[in-house]
Amino acid sequence: MADSAVTEEAMDTSSPSSIQNIKSYAIGQVLEAHKSDTKSLALTDSGTLISGGRDETVQWWGKRAGKYVKTLAFTQPKTLVVNSIAYADLEDGWRLFVGRKDGSIAVYASGSQEPVTIFTEHTQNVCCLHVNQKATHMLSGSWDSNVIIFPIAELNKSSFTVLKCVGHTLSVWALASFPDLPDTYLTASADKTIRLWYRNETAAIFKGHTDVVRALAVLSKDHFLSAGNDGHIIHWDVASGSVLGKFATCAHDFIYSMTLSDSHILTTGEDGTLEFWAMHAKSGGRLTIASEEVIQMPSASTWDAKVLPNSDIAVAGSDGRIYIMSNDPERQAPQEVREAFDAEVVSKMSTKLERIKEDTAEVVTIKVDVDDRPTQLDLHYRKGTDPGLCAQEFIQENHLPMHYLEEITKFIKERVPEARLYDIKTGKKIHVDGEEYDYALSVSIGKGEKDMQMPFNVNESPEFAAQRFVERKGLPVSVIPALAGMISQEMDKLSRGAGAAQAGYEDPFTGPGRYVPGGASNNVQNVADPFTGSGRYVPGGSHSGGADGGFSGDPLTGDGGYRASKENTGAHAVPLSSLPQDKKKPRGPLVPVPDYYIIGLAGKGEKAVAKLKELNEKQDAFQLGQDQINCLEELFVLSPSSNYSSDVAQSAFETALQWPVEHLVPVLDFFRVALTHKSLNSYFCEGERGKDLTERLIAILVSDPTDIPLKIMVCRCIGNAFAHPAGRQLFGMNELSILVPLVLRQVLSDKAVLQHSAATALANWSLTLLQQSEKVEQLGPKEDFMRAIISGIETVDSFGFVSEDAITRLLQAIVTVMWGDASVIRLAKNRNLAAIAARLKDAAQSDASKNIARDIVEMTYSV
């Protein structure tokens, strides 16, 4: 590779980089740089821009005719996401250091398109790199909490010595060096501290941030700045370690990067903004730092920014783009580009405002699929109003048949707790096992066995109540759908109001309009046939037709009859045998997965609370306050449908999740409960927090801890994340090729409870992949999931060591991800899944599990 390919046109560097006329900055150019997040930027001395992205590439951008164009690309091996880059100009040519997700650092040099060497000193993702001002050393920081110092001048030698800086307890996110202090460095970490190092010895520790420290900037040998997820820039005195000033952002919840330019600071962050800060010196070495201007970008987050030699600014976006902002009218984009840029910003802000408004509004918008319509319909339900009336208005507005009324009313109640509460009179509470509930059903578990009380509340889902009962009584998970159906029917009866109760009798199929023994004979005109509704054949009645009499159609197919849903929801009102048969789409109580499973919510968590308090006393920088502990304790006594949300809970988890791995079990015990609450699920699974969560869980499983409870809690966190859309989006689309094999490995452990937790997470995963493919045809995710499953179990000769419940859930996951998809079934067939299913069937004891295994074999024969 010739060096001229890198620098096509030298940039004018006659004047130093300076930030002036801030309010005149506008979009100059939009570079479609990466297919996913542009994570890091670097600049060469001549002004060439280099970018690293999550799409596993490094791109070089040189100037041609005054515009940036791509001049070179370095593609990394598959799955090796680029999270950091650093550049150095040396006497014998340039060096580019590329930090990758597996902990390796690829080193590129002039004249070669392949790495000249690869460093493997880190064990986990390399999230930051830094070359000191004299280009004598390169520093790397990683999720493994360590910093490595490499001597750049010695890299060409056959051997050289690196220094390892050990001291941080969590990921290292930022690095810096002092121009006038050789071998002196700063490192910032997720443990909320900043460390000053002389070579590899800690010289000082700076504590002042309340969250992850993500950025550093050295001002002089005596002062430096830091910024992070607490949204503050802190001015530090090196000698005393004291805080000289603390300044709050006006733009970002989290600050991701910080860049210095003459009298200004530029920061990027989670809200997709570029913030300008003005610096003014005061007496005693102090600074006044104030936010001066905020520019919104179209991307959800902005990861990095660099000030170019001509004072233009390059901003790396989470949408894979690089935005070049300029205050020179001659370098600004044409009017149509500026208008398109502004339109994207307006769209982003409008979506954000709508989301905020929806979260706080009394009106809930529900998407409804009706028949074969190409688009979904919006149903608007106002909390506290009659769901039946809302359904009726929806039907009239969209000109739908009235026989949809009951189905749509039930649909509203299933999704909005306030709708279920509208007409249910709970009356006196019922006590079961020392706890208070709204209702309880008597359940018989076998001949000769004493009936048990299955409690439930009106504000929780039937599946949740059924699962809680099964876990507490030690029953097989295969009975959950049947028990949930019983609770659902009882809720429906209760929600039909007081009229039925006053009448004294109620048929389980037809409700209050039914035959009453000894009643008046004219009541027969008001009865409702369980299959055809009120318009049905009445012996001796009028045959003139109409709403009050006459035959309205075939009991199964005519108007007024029951309309089965298109697909299995696990709650059929007609026999499964009556539905269309398709060997690629087997149906049963457990096939496909009927609903998302919530894992391990039984009990009040007294042990978890006690352990949390015990380990909290051992923390230094991350100790929880009593209000935070009390807040977490509340999670065990609240139903997930309460949608519990609290700033205290958020801060508690953000703090506790930074504890050492050996102390994380009680934290994750609370966290997997938190993920069942929609607001907390959204908070921790969306945006950068979601990516950090995924990476944290991967890091734990990759390390393969011997602590079995820790593995159990990680699997339960993953499984429960699927309880809400944010978690489904996070785990349904990200890191499948890494996480699925790690979770599957736990299914093959020798502990039944770990097997069950992991297999349940896989079952939830498969349901999300199925639902995603039904909405948008996607190539890849389901195939990746299936390959990972088969690769993980194809060498297992016998599954006799796997518990029955885990086998059931594993089979559910396999059949669900294949369900109706000929390409996935064909892949499974080619990988000899039928033989694997046969071995699983041999290990299974229940008929339900054996039937699923047979379904899988039949599916492979269908293509």
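The backbone N, Cα and C atoms fix where each Cβ goes, and this holds for glycine too.
Quick look at what TrEMBL lists:
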- 31-71: repeat 'WD' (REPEAT)
- 165-197: repeat 'WD' (REPEAT)
- 206-246: repeat 'WD' (REPEAT)
- 401-501: domain 'PFU' (DOMAIN)
- 532-567: region 'Disordered' (REGION)
- 542-552: compositional bias 'Gly residues' (COMPBIAS)
- 589-859: domain 'PUL' (DOMAIN)
Counts of helix, strand and coil residues, the repeat 'WD' (31-71), according to DSSP: 0 helix, 26 strand, 15 coil
Spatial neighbours of the repeat 'WD' (31-71) far in sequence, C-beta under 8 Å, 6+ residues away: 5-11, 13, 77-87, 89, 94, 96, 98-99, 108, 301, 303-306, 308-310, 314, 316-324, 331
Secondary structure content of the repeat 'WD' (206-246), with strand meaning DSSP E or B: 0 helix, 24 strand, 17 coil
DSSP-assigned states of the repeat 'WD' (165-197) in counts, ordered helix, strand, coil: 0 helix, 18 strand, 15 coil
